[in-house]
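As given in TrEMBL:
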BINDING   G264, G265, G266, Y267, I268, A269, L270, E271, G357  NAD(+) binding site
DISULFID  C132-C137  disulfide bond
DOMAIN    85-413  domain 'FAD/NAD(P)-binding'
DOMAIN    433-541  domain 'Pyridine nucleotide-disulphide oxidoreductase dimerisation'
Amino acid sequence: MQTCLSTGRAAGTAAGAQGVCRMQTTGRSHAPVQRTLAGSAAAMRASSSCSAAAAPKPFRSTRPRRAHAAVVRAEGGNGSSEYDYDIITIGAGSGGVRASRFATSYGAKVACVELPFDYISSDSKGGVGGTCVLRGCVPKKLMVYASEYADDFKDSVGFGWEERGVPSHSWTTFLEAKRKELQRLNGAYKNTLKNASVELLEGFGRIVDAHTVDVSGKRYTAKNILIAVGGKPTKLPIPGAELCITSDEALELPAQPKKITVLGGGYIALEFSGIFQRFGGEVHTVFRQPMPLRGFDEEVRKFAFEQYAAAGLTMHAGHTPVEVRKQPNGLLTCVVADKDGNQTEITDNDHVMMATGRSPKVGGLGLEEVGVALGKKGEVVVNAYSQTSVPSIWAVGDVTDRINLTPVALMEGMALAKTLALGEPTKPDYDFVPSAVFSNPSIATVGLTEEQAVAKYGDVDVYTSSFRPMRNTISGSPMRTLMKLVVAAGSDVVVGCHMVGDDSAEIMQGFAVALKMRVTKAQLDTVVGIHPSAAEEFVTMRSVSRRIRKGQPVTAAA
């Protein structure tokens, strides 16, 4: 799975890999749908088990966060002789593996289709583990860890360690260690499927009809088909795009870039910008918006923007990529333009990286041919139970473009396993999903932004704290931390929590539990802080930074 290019922790086991990918979408709820989840359409029409009508009503999509009154029936897996399998899953990433192995634990007969392993994905290469484990969250986080040592060496001088400069780094040694870990994880995920009695079918899976999957020329039938193929990087349609790399290639560069231009203002762009800058490279980050990280809290965006510049990134805000061309010496020139059309050439790049979005990896799957509805981005349209417009075909993870995070795909896969194998219709719960950006500095968030809270509640209290962490006062680092709580004034419930600074992801995981349980600001105020720590700031903020009433700011003291 996912586009998942962020992780909360390194994956120690196949079952424990965590990731990220972050695009969140919202949509409309749909009218009640009454549908048998397994078997052919003809069988459903003939079935007397349908609650209110003999045939399912027309399919309508839904998005997370909006409840609906759908009535869903499911048949548990019993290895019916009518089909080869109860479930065939196409895609052995986080969501596909989770759904498959739990479905077998509930009694279903399951097969999982995946391409052979490689470090860089293609139409013929992939690997058990998926994007997060093999080409996203995990290798990216390993690069973050490696790059952070450069700052540690510099910061140690302020604490009395002898200044000797940053020691040399062997990129080859790191690359070999990273590859070894990915090979181990690929094997671990294969063992997870094997130990769960999920049959691995290696090859390219294509859906032939509502119950048939072709795997590299051999056909298999299933009562239900699950699509869990995730997404892939996309490139801008500009001259010279073929000269650019994406996140896949960025994780497999043979040498450390001395100079690189990163195109994009999302989390993937900022994460890789921070990695290459910490390794000592000259990094130029180009994005069209006035600030990076569109969709995040506006105050968080502004603060992070300032901190990225303090960390050493060269930020080209409000610029659009125009062209990439190769110089006579083999290096690359990236041409960008501001809103008035004035062009700037960023020359002598070892690489130009496009971190300009991802798209669902649906090419060649045969979805439209069998009647599966796709959205504007090519995403598989599903209802609240992850069911497509074809009743026996389902989808989870990034391919549905709901909330593109690996832990969300895991949740969706678990819910679907219960729906299909246990006959217990289960919807994923998208409330208070935390996420993190492993940039420099890192960002973590859960719940609503200030802007979303104001739009939803009208009356909002905001608590903020910006400070220089104690470690940085001696190390000499200019980096600062921001912490922010957003409270619905009418109920005193904390509806948003945001942090920019070191260890933000580790801290935010605990606060995600609190917000999920609908903690109030008064309850947070009763908590004793851990001193000295940055985390204690979240439970010691007493003064309101600003109050918003009926959508309009008022004085904090009002």
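The backbone N, Cα and C atoms fix where each Cβ goes, and this holds for glycine too.
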Pairwise CA distance, I268 (NAD(+) binding site) versus C137 (disulfide bond), rounded so that it is a whole Å: 10
Residue among binding-site residues G264, G266, G357 with least C-beta crowding, 10 angstrom cut-off: G357
Densest Cβ neighbourhood among C132, C137, I268, L270 (recorded positions), 10 Å radius: C132
Inter-residue C-alpha distance, C137 (disulfide bond) and G266 (NAD(+) binding site) (nearest angstrom): 15
DSSP residue counts for the domain 'Pyridine nucleotide-disulphide oxidoreductase dimerisation' (433-541), split into helix, strand and coil: 37 helix, 33 strand, 39 coil
Residues close to NAD(+) site centre defined by G264, G265, G266, Y267, I268, A269, L270, E271, G357, Cβ within 8 Å: V262, F272, P292, L293, A355
Cα separation, C132 (disulfide bond) to G264 (NAD(+) binding site) (Å, whole number): 20
Residue pair L270 (NAD(+) binding site), C132 (disulfide bond) - Cα distance, angstrom, rounded: 17
Model confidence over the domain 'Pyridine nucleotide-disulphide oxidoreductase dimerisation' (433-541) (mean pLDDT, whole number): 97
Spatial separation of G357 (NAD(+) binding site) from C132 (disulfide bond) - C-alpha basis, Å: 15
